[in-house]
Amino acid sequence: MTNSLLYIRNLSKSIGSITPVKGISFELERGSCTALLGPNGAGKTTTLRMLAGLLSPSGGEIQYEGGGKSGRDWQKRIGYLPQYPKFYGWMTGMEYLIFSAKLSGLSGAQARKRSLEVLDTVGLREAAKRRIAGYSGGMKQRLGIAQSLVHEPSLIMLDEPVSALDPIGRREVMDLLSRLRGEVTILFSTHVLHDAEEVCDRMVVMVDGRIAEQGSWTELREKYRQPVLLLEVEPAAREEAWLRTLPGMPFVESADIRSRTAALAVRDLDQARNALMREMSDSRIRFQRIEAGTSSLEDMFMKVVGG
Amino acid sequence: MRLFWVFFHKEVIEAARSYKWIWVPAVFLLLGVMQPVMMYYLPDILRASGELPPEAAALITTPPPEEIIASTLSQFSTIGLLVLVLSAMNIVAGERTSGTTEMILSRSSSVLTMMTAKWAATMSLLLLSFALGYAGAVYYTYQLIGPLEWGTLAGAGAVYAVWLAWIVTLLLPLGAVFRGPAAAFLSLGIAAALTLLASLLPSQLPWSPGRLSAIATAMLTGESSPTFAPALAAVLLIILSTVAASVLLRRRPLSAQA
């Protein structure tokens, strides 16, 4: 038996004539934190809804460790937070958590005890007796995470937990996720690479219903590490025209040319550096800045997503 | 069964926090009491206005107690039913359109339990309101106008309650498909259409649940008509509606992505 908690094989979903998820496979390790990354409309939400048992897959299978092929018993061991969590505004935070816990099969006393615990975890103890209608966006999001934890699930799935929040609310939720790491397996979707990098150790990049790339950060950094030369020139017509000739140079693998800057991905840094210096002195280019470095994950993400 | 009580408890509290337990019964009580009191004082009021010739005034008499109860029922059929439907229209539609179902259904796959609890909570409100209004009408009729026969009253009340129940239950499947106001409008429309059809073609549609209100009225005035078929049809319709609502909600638990 491997240490995987969840296997997904060839999962797909068609809704009418569109197919938001076109056959994806991945697995989640117990205790890991995985980011489901992708641009808007990549099928992240549909995937999570299928995993939470809200939508039935059109094809493929979802298999939870120890469980059968159906997710029914598993719903008790999953915590799910939708992208736009909606609560009953007339309930208090505490009442909502107790209600949720009871729905997942906890007894009255247990539900109360666990609700107080998770309220402490997410820092909403003071607001516990207030109506949810009066909560701020960040508080609602934290309450959403609290309800996903209240029944002590082994896996929590969070759909875009920080996308709709202001910087302070975002900080609160990210800190909370970092604290939860290790205690529970986390799968969360986001379209912000930086958020994924901050708390997760693995990621799955979805583009247009398919998995474009997956792996741990170190693996991916290794795989996509490429020397890059960054160049910035004086704002003048001659320099700008010269920049546009760069993609044709033999040492350039790929280039991103803006009006005054160029980012050149190269194979051999030393060789490229010499060639570029020679080129610049020959053409008497007035540069402002030259920088040598390696590509960031941001570049990798853009590359994978851009196709 | 535990889940049922969890859901039921939630529905009851929700209704309490929006004061449904106060204003819906209050409307029914008011409607129920107003009818006998009005009928009792109507001749006096007309005489006091003084513009009626005495011959005409002599024609206006207080109707018999059974007729007063029957006219109270017709009050319930219009304003009372409207209030019930409006108070319950968002019970399923609201959850779906506001998106609260998403987190609830990711926990418990038993939509049927949830739907049955919603139905039971709505029926509790309906029965309480109707019982209160009916009792008010009977009490004032008894005090002001004359004695009534308990057996007939109970029978007519029960038949009438079933009539109210199937119309309000229609809100569950309609709410699983449409928004609240549309569901309310449609359920009232279906009720009106069925009732009208049943009164236009009584012999073709002896089993139509739309006849129940007419049957209740007829029972009060002493005519008897077969109750079994329409009542059975109404009960079947209630069960079918609840099951259909669960199936529909299970299939499309989420409104279009916001």
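Glycine is treated like the rest: Cβ placed from N, Cα and C.
Copied from TrEMBL, the annotated features are:
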TRANSMEM  B:21-42  transmembrane segment
TRANSMEM  B:73-94  transmembrane segment
TRANSMEM  B:115-140  transmembrane segment
TRANSMEM  B:160-178  transmembrane segment
TRANSMEM  B:185-207  transmembrane segment
TRANSMEM  B:227-249  transmembrane segment
Query = Given the transmembrane segment (B:227-249), which of the listed stretches B:21-42, B:73-94, B:160-178, B:185-207 has the most Cβ pairs that are under 8 Å apart from it?
reply = B:160-178
Key: For the transmembrane segment (B:73-94), distant same-chain residues with Cβ under 8 A (at least six beyond the ends)   = 11, 20, 23-24, 27-28, 31-32, 34-35, 115, 118, 121-122, 125-126, 129-130, 133, 156, 160, 164, 167-168, 171-172, 174-176, 178-184, 187-188, 191, 213, 216-217, 220, 245, 249
Message = So if I exclude everything within five residues of the ends of the transmembrane segment (B:115-140), which remaining residues of that chain have a CB under 8 angstroms from its CBs? That is, six or more out.
response = 4-8, 10-12, 15, 20-21, 24-25, 27-33, 35-37, 40, 68-69, 72, 76, 80, 84, 87-88, 91-92, 148, 153, 157, 160-161, 164-165, 168-169, 171-172, 238, 242, 245-246, 249
